[in-house]
């Protein structure tokens, strides 16, 4: 069940759904707008010959923070990681679905590639997978509305929510745009 604006406010007021900082004007009819933080993670194209999900490649990306008051310019065909300004904390019976903003999509900005699902129990900044599919650069302003988070009520609480031991919650408590930790899940067949 998708939560309405009334249900979202009730969950926030009850302290079950955490959004920090919270701005009530960001609550939409069935979602909460999310804003862009000021840090970005860009790919260092000269450090590696290719990306290998099985390998830890610590220098594959580096953090870039625009000068205060300046935008980050995302060029055509570029892919960078960003994150939400807000920290989200979901209880064991609520999950989230991150979607882009229609107005930004019409400019060629994709907010996430594949990781739009937020597990119950997650707590942290949401990493954004930002792509410019337009043929002109797009300016990304820290603090701008960058997406919307829909909250879904589970039919029952999760038995092992994100963050539980043994679940492999690699991104619990993440701060800022967090690089891939796919190597932690990689199993080679022999």
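Cβ atoms here come from the backbone N, Cα and C positions, even for glycine.
Swiss-Prot annotations:
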ACT_SITE  129  active site, proton donor/acceptor
BINDING   101, 102, 103, 104, 105, 106, 119, 127, 128, 129, 148, 162, 174  dCTP binding site
COMPBIAS  171-190  compositional bias 'Polar residues'
REGION    161-190  region 'Disordered'
SITE      116, 117  site 'Important for bifunctional activity'
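Around the Cβ of residue 148 (dCTP binding site), a 10 Å sphere holds 19 further Cβ atoms from the protein chains shown. Of the listed recorded positions 105, 116, the Cβ environment within 10 Å is emptiest of other Cβ atoms at 105. DSSP gives residue 105 (dCTP binding site) a helix state.
Looking at residue 105 (dCTP binding site) and residue 129 (active site, proton donor/acceptor), their Cα atoms lie 13 Å from each other.
Considering only the recorded positions 103, 116, 117, 119, 148, the residue listed as 'active site, proton donor/acceptor' has 116 as its nearest partner by CA-CA distance. Minimal Cβ crowding within 10 Å, among the binding-site residues 101, 103, is found at 103. Counting only the Cα atoms, the space from residue 128 (dCTP binding site) to residue 116 (site 'Important for bifunctional activity') is about 8 angstrom. Of all the recorded positions listed here (117, 119, 128, 129), the one with the fewest other CB atoms within 10 A of its own CB is 117.
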